[in-house]
Amino acid sequence: AALQQNLDKKLFGQHLVSKVVVKAVRGFLNNTNAKKPLALSLHGWTGTGKNFVSKIVAESIYKRGLQSKYVHQFVATLHFPHAHSINLYKDQLQSWIRGNVSICPRSLFIFDEMDKMHAGLIDSIKPFLDYYELLDGVSYRQAIFIFLSNAGAEKITEVALDFWRNGRTREDIQLTDIQNALSVSVFNNKNSENANKPLSFWHSTLIDRNLIDYFIPFLPLEYKHVKMCVRVEIESRGYAVDEDIVSRIAEEMTYFPREERIYSDKGCKTVDAKLDYYYDF
């Protein structure tokens, strides 16, 4: 219930996310005989709410949320920066997952910047996500894995723009309108500085073996959603909402496509910093 309420109250413009995340997490937590860990893959542009949703999921399961010792976060460019150290990273990551699930079967692992992670390192996670009853005496079937990625964002925007240009609302978009195209787009993603370097989800066996339970698309945010973000941030700081400031901050954002200016290219990412300029905090 808390998960649903928090998403309804704090997440804007993401009707698909709210629906799928609540259904997936609630169903998994209520399943006393899960056959594999829950694996959610969140996709979309920066600032659309992927990290925010991960935080809300953690808070709905653990008393201390992201601060819980049973929640583990990894950022590709921070924790696994060097391609030449891939074998070391594999050993460390597998040991870390094994050790923490041994302590708490209901562990949560969050991997950010999956589109920047070496494919070999991603594939080293595969055994933990598969349909094994035990691996070296440890069951991973109660664990939760959340992957965050910008991969597929272009495809999501393409679908959203098609709906907009055809006079349909974003709320008309169904998961089936995006999900198949998204998984194919992510599978074939080659967003890498070096095309010969096997980065990201590209041809990863996580997708090849259908180990991702849900590919969850985060739609690009519109002007009205940015204003919602500004209002909530002002209120969270204990200030009365000034609609003039709300509008000015939203208007300062840059929007795309260039002609229509529908979607914020940073989502709500820089709202916090812009508020500091207008208020003497």
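Cβ coordinates are placed from backbone N, Cα and C, and glycine is handled just like the others.
According to TrEMBL, the protein carries these features:
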{"type": "BINDING", "residues": "Gly44, Trp45, Thr46, Gly47, Thr48, Gly49, Lys50, Asn51", "note": "ATP binding site"}
{"type": "DOMAIN", "residues": "221-278", "note": "domain 'Torsin-1A C-terminal'"}
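One way to see the shell of the ATP site is to take the Cβ centroid of Gly44, Trp45, Thr46, Gly47, Thr48, Gly49, Lys50, Asn51; the remaining same-chain residues with a Cβ within 8 Å of it are Phe52, Phe218, Gly267, Lys269. Asn51 (ATP binding site) counts 18 other C-beta atoms within 10 Å of its own C-beta, drawing on all protein chains shown. With a cut-off of 8 Å between CB atoms and residues at least 6 apart in sequence, the same chain places Asn150, Lys266, Gly267, Lys269 near Thr46 (ATP binding site), listed in sequence order.
Least crowded of the binding-site residues (Gly44, Gly47, Gly49), judged by neighbouring Cβ atoms within 10 Å of its own Cβ: Gly47. Of all the binding-site residues given, namely Trp45, Thr48, Lys50, the one with the smallest number of surrounding CB atoms inside 10 A is Trp45.
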